[in-house]
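Enquirer: Once you've had a glance at the structure underneath, I'll fire off some questions.
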Amino acid sequence: MVGFKATDVPPTATVKFLGAGTAACIADLITFPLDTAKVRLQIQGERQGPMQAAASAQYRGVLGTILTMVRTEGPRSLYSGLVAGLQRQMSFASVRIGLYDSVKQFYTKGSEHAGIGSRLLAGSTTGALAVAVAQPTDVVKVRFQAQARAGAGRRYQSTVEAYKTIAREEGFRGLWKGTSPNVARNAIVNCAELVTYDLIKDTLLKAHLMTDDLPCHFTSAFGAGFCTTVIASPVDVVKTRYMNSALGQYSSAGHCALTMLQKEGPQAFYKGFMPSFLRLGSWNVVMFVTYEQLKRALMAARASREAPF
């Protein structure tokens, strides 16, 4: 057995809720530079045609993007928007991941045998609900990560200022910009991520290929990360472009997607795929492994507290 041993008592909803948020924050701390590189690649060339964009591309590849940012903006630029990112994960992952099992049990009426339909429904529900809670933090995070593209001056100087400026200049709706594509994205991401993780893990355990410990969690998380990136990349690119856009640049998320297709072609929807996969794959591994261990550690601590002397 590698890591904390599974406890006889299943983790409570509170343990899952807090564990998911904490694990997601740890994963974000480790993988945030990859997410920033992904955002820069996704918004690159959005106001140019495909030929002009290719000729004038500032960022080329994951490593090239990171090195260019470090050289031109300094190492701290890789973590621009981290505060909003951690705020987002604590509120976002707690809901979409921490409540997944509870919602799944609700849809199956407490049965331990959940079909794919129930899992997909639970993933869609918690993914959409999480967006409703955390959308403003996502808007601020994306804008901080992208703001070097906005010109010589920085768009926002601090996280608090960003919230205030967006609310003042764009109204309440500005903080919820991109909610529609984000709901779609996170319903898809949650289904792909959590359901794939669930299914891979169940298959490995039922086939006795692995035991319920770190190697199993690592393999399941990595597979889930790849599947999620393939499925969710097009919606993710539209979400990033739309949330980062200036007031009036796009009339809707659909208009943003149509403009991308007309100006840059279908390949634009997979811009930043490699950093997306590297980020989501590594994020999934760190998050799920940490989450599984946190659940066990918290339940073990609770059991030791309640044990008689």
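Think of each number as a place in line: the chain as shown, counted from 1.
Every residue, even glycine, has its Cβ placed from backbone N, Cα and C.
What Swiss-Prot records for 1-16, 104-119, 200-217, 295-309 is topological domain 'Mitochondrial intermembrane', and it gives a curator's inference as the kind of evidence. According to Swiss-Prot, the feature repeat 'Solcar 1' maps to 11-106, an assignment based on sequence analysis. What Swiss-Prot lists as region 'Important for interaction with long-chain fatty acids' is 16-63, 278-285, and the listing cites similarity to another entry. The transmembrane segment annotation in Swiss-Prot covers 17-40, 78-103, 120-145, 174-199, 218-242, 269-294. Per Swiss-Prot, topological domain 'Mitochondrial matrix' is recorded for 41-77, 146-173, 243-268, and the stated evidence type is a curator's inference. Feature annotation from Swiss-Prot assigns repeat 'Solcar 2' to 114-203; the stated evidence is sequence analysis. The site 'Important for inhibition by GDP' annotation in Swiss-Prot covers Lys141, Arg185 and is backed by similarity to another entry. Marked as repeat 'Solcar 3' by Swiss-Prot: 212-297.
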Enquirer: Under a criterion of three or more Cβ pairs within a distance under 8 Å and sequence separation of at least 6, are the transmembrane segment (78-103) and the transmembrane segment (218-242) in contact?
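Expert: Between the transmembrane segment (78-103) and the transmembrane segment (218-242), contact is absent.
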Enquirer: If you measure Lys141 (site 'Important for inhibition by GDP') to Arg185 (site 'Important for inhibition by GDP') at Cα, how many Å is it?
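Expert: Distance (Cα to Cα, whole Å): 16 Å.
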Enquirer: According to DSSP, collapsed to three classes, what secondary structure does Lys141 (site 'Important for inhibition by GDP') have?
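Expert: Helix, per DSSP.
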Enquirer: Counting CB pairs under 8 Å, which listed stretch among 17-40, 120-145, 174-199, 218-242 touches the transmembrane segment (269-294) the most?
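Expert: It is 17-40 that shares the most Cβ pairs under 8 Å with the transmembrane segment (269-294).
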Enquirer: Tell me, if you would, which residue among Lys141, Arg185 (recorded sites) has the fewest other CB atoms within 10 Å in the structure shown?
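Expert: Arg185, out of the recorded sites Lys141, Arg185, has the fewest neighbouring Cβ atoms within 10 Å.
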Enquirer: Would you kindly list the residues that approach the transmembrane segment (120-145) from elsewhere in its chain, counting only those six or more residues past its ends and only Cβ-Cβ distances under 8 Å?
Expert: 35-36, 39-40, 80-81, 84-85, 87-88, 91-93, 95-97, 99-100, 103-104, 106-107, 114, 155-156, 159, 162-163, 166, 174-179, 182-183, 186-191, 193-195, 240, 243-244
Enquirer: Across the repeat 'Solcar 3' (212-297), what does the pLDDT come to on average, as a whole number?
Expert: 88
